[in-house]
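Heads up, the thing below is written out as structure tokens.
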Ligand SMILES: Cc1cc2nc3c(=O)[nH]c(=O)nc-3n(C[C@H](O)[C@H](O)[C@H](O)COP(=O)(O)OP(=O)(O)OC[C@H]3O[C@@H](n4cnc5c(N)ncnc54)[C@H](O)[C@@H]3O)c2cc1C
Ligand SMILES: NC(=O)c1ccc[n+]([C@@H]2O[C@H](COP(=O)([O-])OP(=O)(O)OC[C@H]3O[C@@H](n4cnc5c(N)ncnc54)[C@H](O)[C@@H]3O)[C@@H](O)[C@H]2O)c1
């Protein structure tokens with residue numbers, strides 16, 4: 001690695017996941033010399049253990065469930081079996097198909113200098129990568145996050161979203177701790193593939209970030225797939241805990257006992273900052289250990305920037321990439337472009353999907369319009385009527401938030417994200433012709449319903465105002481009767 005030591009790099013990128021790769025590509029396109037250090041393999045969580053394997057598993061599970069459901073549409077399939085080894089091969093194929101895009105050779109061909117090793121900051125402008133010293137003008141930290149493992153007595157052996165992909169066999173009884181995106185997506189997928197799944201969530205609803213009616217639809221759907229959902233419970237003790245061996249029991253705070261063969265811990269992720277030497281360069285972290293950034297993605301050290309799961313911003317691949325691009329261009333061009341956080345979409349890829357964006361609270365001065373999908377034509381033809389499309393509007397009629405629960409809701413939310421970002425009004429969405437029949441008709445119909453209501457309300461107000469002024473004029477001008 002001697003050649004990396006002889007120059008001062010315009011940008012040192014620490015971590016080769018979604019955020020690090022985008023930061024490096026952005027900077028190199030701006031003409032900067034870029035050194036990207038990754039201590040494992042480029043691609044990060046999304047490619048190896050996150051989005052790609054999980055969505056591939058979900059696809060297999062979706063087909064399995066579709067066959068079961070198809071009888072209601074008149075299509076009967078006899079004896080359906082799941083070949084878990086083949087499911088694993090499908091996951092592996094998806095990873096191998098996408099991998100070349102993030103491979104070191106591809107990045108090198110684009111002009112990025114890639115080295116393998118863990119970075120530790122030594123002082124301002126100096127860092128160590130393994131045994132080598134490098135000098136940098138600016139740096140972007142993009143080291144991501146790792147699954148949190150709570151301290152529970154008896155908890156010894158378990159899988160997380162990082163290790164579940166190593167399972168050779170489908171667990172017959174899977175206990176999932178945590179009912180967030182990971183717990184719901186993987187819990188439903190394993191149940192559909194044949195595991196007996198129990199999901200334990202500490203709060204009173206699964207997917208606590210979503211509206212209660214959206215979460216309730218997902219909970220019903222998971223239950224239909226056989227998932228036993230236990231909300232509002234804490235796991236207090238685990239006995240046995242030898243995966244694959246019978247006799248493992250989880251004891252919950254209310255005394256409930258759950259037998260399991262495999263335990264998936266999915267209770268959130270913690271920023272990876274250990275051994276980065278942040279204290280040597282004055283980079284501040286918050287109380288949860290996440291690197292604090294301002295809206296330009298700059299840390300408390302003016303020449304160090306951060307993006308992705310290592311920051312307090314929402315932990316998604318799309319945010320990692322978008323904010324890393326802002327960090328890198330600000331670093332290289334000396335700009336202070338700011339990240340927009342008012343229109344960040346999120347999708348949980350359960351069946352149905354739940355997708356949300358913007359301000360979805362019933363805040364003062366906002367109104368909302370909900371179209372349930374029981375009479376949405378595409379939902380009826382697909383026999384997928386669980387779901388709704390909801391738009392939130394501000395006083396001026398601008399769309400400020402949206403929630404969609406439906407198959408492929410993640411596709412619909414893109415349009416609504418654009419509407420929010422551009423400050424479009426409901427009537428502008430209402431006036432945009434949408435193809436029929438689609439699930440995105442739901443959001444369109446919500447916009448049309450709101451526009452009609454507003455027109456009615458406005459014309460009614462105008463009529464009343466007209467009548468009142470006509471009446472008072474008449475009273476003033478009428479002939480005196482005395
Ligand atoms: C099961 C699961 C499913 C998910 N599904 C989705 C989804 O469908 N859609 C979505 O948008 N998001 C999804 N996510 C979230 C998404 O994967 C992450 O938000 C995203 O990958 C974060 O990217 P990152 O670059 O910040 O971190 P990472 O991808 O984790 O990259 C960080 C990199 O830094 C390296 N590194 C760490 N420390 C050092 C060091 N000291 N020196 C050098 N290198 C270092 C790591 O090896 C790693 O490669 C999912 C996550 C999980 C767990
Ligand atoms: N589709 C997607 O975009 C997608 C999919 C998976 C993961 N992710 C990302 O990965 C991150 C991590 O996902 P996650 O599901 O692990 O975290 P999460 O924060 O989304 O959900 C964790 C859940 O575990 C619960 N919990 C916490 N401690 C618990 C305990 N001791 N016992 C029982 N329940 C407990 C929480 O209340 C919460 O509902 C998410 O923030 C998300 O951004 C995204």
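Note: Cβ is positioned from N, Cα and C throughout, glycine not excepted.
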- Message: Among 162, 201, 287, which residue shares the NAD(+) site with 178, 179, 180, 181, 182, 183, 184, 185, 268 according to TrEMBL?
- Response: 201
- Message: Can you tell me the CA-to-CA distance separating residue 180 (NAD(+) binding site) and residue 51 (disulfide bond), as a whole number of Å?
- Response: 14
- Note on the structure: In the three-state DSSP scheme, residue 178 (NAD(+) binding site) belongs to coil
- Within 8 Å of the centroid of the Cβ atoms of 178, 179, 180, 181, 182, 183, 184, 185, 201, 268, which other residues of that chain place their own Cβ, given that this set defines the recorded NAD(+) site? 176, 187, 199, 206, 207, 266, 267
- Cβ neighbour count (10 Å, all chains) around residue 309 (FAD binding site) is 30
- Task: Would you mind checking how many other C-beta atoms are within 10 angstroms of the C-beta on residue 55 (FAD binding site)?
- Result: 15
- Message: If you pair up every Cα among 178, 179, 180, 181, 182, 183, 184, 185, 201, 268, the residues annotated as binding NAD(+), what's the maximum separation in angstrom, rounded to an integer?
- Response: 14
